[in-house]
Amino acid sequence: MKKMFACLLPAACCSMSLLAQTDAGLFRFPDVSKTQIVFTYANDVWVVPKEGGTAIKLSSPAGVESYPKFSPDGKRIAFTGNYDGNKDVYVMPVTGGVPVRITAHSYGDRLVDWTPDGTSIFFASIRESGKYRFNQFYTAPANGGAEQKLPMAYAEFGSYSPDGKQMALNFRSQVGRNWKRYRGGWNADIHIFNFTTLASENISANSDAADEFPMWHDNSIYFLSDRGTEERMNLWRYDIPAKKFEQLTKYTDYDAHYPSMGSDEIVFEQGGKLYLYSFASKQVKEVKVDVITDRTALKPKAESAQRYIQHVNVSPDGNRVIVEARGDIFSVPAKDGFVKNLTSSPGVAERYPAYSPDGKNIAYWSDQSGEYELWMMQPGKENAAAKLTSLDAGYRYQLYWSPDSKKLAFIDKGNKIKIYDITAAQIYDVDKALRWSHGNLEGFCCSWSPDSRWLTYARDIENWHNAVFVYDTKSKKAQQVTSGYYNSNNPVFDEEGKYIYLLTNQSFNPYYSDFDNSFIYANSTQLAAIPLKKDAVSIFAPKNDTVSIKEDETKDEKQADKKDTKKKKDAKDTASDKKSVDKDAVAIDFDGIEQRMLILSPVAGNLGNLNAIKGKIIYMRYPNTGSNDGSPAIKFYDLDKREEKTILDGADYYIMAANKEKLLAAKGSSFAVIAADEGQKFDKPVRTAEMMSIVEPMAEWKQLFTDAWRMERDFFYDPNMHGVNWNLVKERYLKMVEHAMTREEVDFIIGEMIGELNASHTYHGGGDIEKEKSQSCGYLGINWQAEGNFYRIKKILKAAPWDAEVHSSLDVTWLGIREGDYILAVNGVALTTAGEPYAAFLGLSNKPVELTYNNIPSFNNAKTVVVQTMDDEYRLRNLAWIEAMRKRVEEATNGEVGYVYVPSTGVDGQTELLRQLNAQTEKKALIIDERFNDGGQIPDRFIEMLNRTPLAYWAIRDGESWQWPPFANYGPKVMLMNGWSGSGGDAFPDYFRKKGLGPLIGTRTWGGLIGLSGSPDLIDGGSVTVPTFRMYNVDGTWFKEGHGVEPDIEVPEDLTAMAKDTDPQLERAISEIKNLLKTKGYMPPKLPSYEKR
């Protein structure tokens, strides 16, 4: 979007006749001056008189502007926006004009407010944070210049005292995390910090509620809190001298958001509207705002649907591809012809289209009626599409036609496998999986026998393996075919009804770790066949070449050859009838059926997507676990030659056409129809770029909102929705969608809605949002310090000596640049404190640059050197942060205690635990630090690694005895945690305590152990997460969701100590581990005397 800067003069109101006054809402991020209110609406910055009236737009860069703030004199506005390729802080005149860019770091910088004297702004950034989970505060001159870091170790929102000597701040915040009524360890407290003495006080210490957005006015601190009986965010006041709290508003329907303070009032948003609280009258009044806009954002528009493809299918003959994209169903030619939108239904989602084998119908799910129901249409007669079902509420998945085109099999969100009989217009239950979630349901597949009588599928059983089942549509009974001793999947019938082919995990080849004695069994899947009849000829029956003998024709046969055309036709019809009878005769001997299973010869590996056609078994072969060699490929096993061959390399998956001669292959977001034969090429992709949808934004947004609401309803782990009236929630927030002007605002409303569940892991994002610019920035891996007109190197960041994965651009001895030197120019352009140092490196990511440097702030006798910039310095800062804590532990314990930082319970967390633990097995004790842990997976493996106890020692002739297990630390341990530790970061300390591994030190954790297992995407590519499983303890009690794990030894974050470069939590851990070494230190046994044997 082009940049526009309005001028607030009467002339600005001319030519308004082409525009319309809008009944607007969703005014966000407001601020108030003596005379005006500034806010964001439709992703842009607007101003309106304080008394209300007609608002005027000031800016419109790409993306979302946020947190606009008036300067104390009301003459300028600072805000966060994206004009130049990143979310940075800008300042512009209140009358309009060209914004001045204040920050230039490629990490997002969020404006907080102005300093009281109006000369500077201050903002929150992770630019120098050791972990991206916490921000820090920086000030910068309002006209541009060098930023200065404030002394608080962590900071999110804050407000200066009137004299500028103190600040009320939140250093944790739940803003934007969609968790209402939250009471966990990540909740926001308000701290008062003194810049002179560095003293700090937590005024929220006696409440578990959220106290957000502190605003300091005279002797009071105003803020938002849900500490009231309403459990809604309302406006509160804290009387500093009296140390008393007072509630000022009592909203019960919607939370108040984004308050901001002027000299006389506080403005805030509630339910999409603006309100002013007057300090003088102590009253709240609504500010009526009129927005004059052409509302072009709501106009119907034709858009390419290509990037919104979710599911595809192929016609029986392979001539057409049907595509689900942007909620519509398209028909796209495999080669020649036109592209057609078959449904063209703005505001409706059609999903999972499937062509009938006879080519006469396309079945699909549609929410046109308000819930997902089964619909069917005939190609060429799309307007006559008919709804076939009136089911209970709930989400359903892929449709599988029977060969006779009379039945459809599918699975629903309740794990129920069902069949819809088109002729009888009935649905009947087939079976039910035990513990599947969205990923399993999305991947569910089944196969019909050639006679359409039998349906085979796999589902989970009690031992957590999958077993193969066969369902008989005549008897309405399912029979288990494999015992489940091994995991088996993806069963398919062959074309003649003689075999079921399947994938089974029966290959056991261990892969041993290079770092310890652990091992895994990967790449275990094999191809197998089960003869359906006891007397079926084995696939492996020996071959024997024979000579065929031509038989003499009988007299009757000779006469038959002479019959006329009519009789030939009759004979053909008779043969057809006989073929039909043969198909109906498909029978299965279930007695001893698993014993007849044969493992076929293709080498075991990562196999999937099985299909069977005449003489071939087709499947996907993915690269083996632990190997980067090769790419996914469509393969087939030639049953006659008994060898594996390649159909297409580089494919992600495929879908078989009903005629078994062609298949639809996928590569990324491209598709091609190819023959089901060896040596195919992906050279004629289907023309999905021509798919166009008519998007009516408001209709689509309502569908997105409703779909998000349904997904929570259908997949949330608690069918009672935590006691929330979910229908009322929908009604309440759907009203707000009417006022939306952008997809981002719809996203905000969805977040408010799902936040009502009072559950963790309720996130949202993506979709057809306004695209922002992106601009890279080069880094040197240093901390800068402004001095006079130039910048000097305050510190060259360094990780531990053994961490060679990343280095500062200046951490090279031959360069000659040292800490304290001045960098005077970049590529010959002077680098001065008139702007941020990062501005000089914009567009120079991972590029060679020439630096001019000197040990004095002068170009006289300055030197130049060429260095390679970094594209990101976060990992370097993270490693330097970890190393500083490790060195502190080493120094304080004379090297006896090891330090292990675990950043998450995902892959990076396990990697860090393994590499740091294995390097410190000789230490007498360990401090495990999981502060700021991001979570990830359930960390039972982490506990196993820390809970290895000595089993034995092994004596050798020369050298020291071996401990067993060898890669373990048997000494005492303590764990550090804090309120940022969440999800898997909650489970980690919980399990640590349950295993008695040591005391927990720090503060209460986040308290979020209702996990995610996926959910369907929204039609515009957006997503909402659904918490689908919750942890409870072996004693039958729930984990304290929204509360967190309590420490054994509570050590709050002390802003005073941290401002003096002391980590009080780490220091307490050092003290505790020293004591444990004295009382519970491990002593290995002495070598026994050698025996006489």
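Here the Cβ of each residue, glycine as well, is placed from N, Cα and C on the backbone.
The following features are taken from TrEMBL:
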type: SIGNAL; residues: 1-20; note: signal peptide
type: COMPBIAS; residues: 550-564; note: compositional bias 'Basic and acidic residues'
type: REGION; residues: 550-576; note: region 'Disordered'
type: ACT_SITE; residues: His761; note: active site, charge relay system
type: DOMAIN; residues: 768-831; note: domain 'PDZ'
type: ACT_SITE; residues: Ser983; note: active site, nucleophile
type: ACT_SITE; residues: Glu1041; note: active site, charge relay system
Original post:
How long is the line from the C-alpha of Ser983 (active site, nucleophile) to the C-alpha of His761 (active site, charge relay system), rounded to the nearest angstrom?
Top reply: 8
Original post:
Distance between His761 (active site, charge relay system) and Glu1041 (active site, charge relay system) at the Cα atoms, whole Å?
Top reply: 11
Subject >> For Glu1041 (active site, charge relay system), nearby residues of its own chain (Cβ under 8 Å, 6 or more apart in sequence) >> reply: Ala759, Ser760, Gly1007, Gly1008, Leu1009, Ile1010, Arg1030
Original post:
Taking the active-site residues one at a time (His761, Ser983), which has its Cβ surrounded by the most other Cβ atoms within 10 Å?
Top reply: Ser983
Subject >> Helix, strand and coil counts within the domain 'PDZ' (768-831) (DSSP) >> reply: 3 helix, 22 strand, 39 coil
Original post:
Along the domain 'PDZ' (768-831), what average pLDDT does this model show?
Top reply: 95
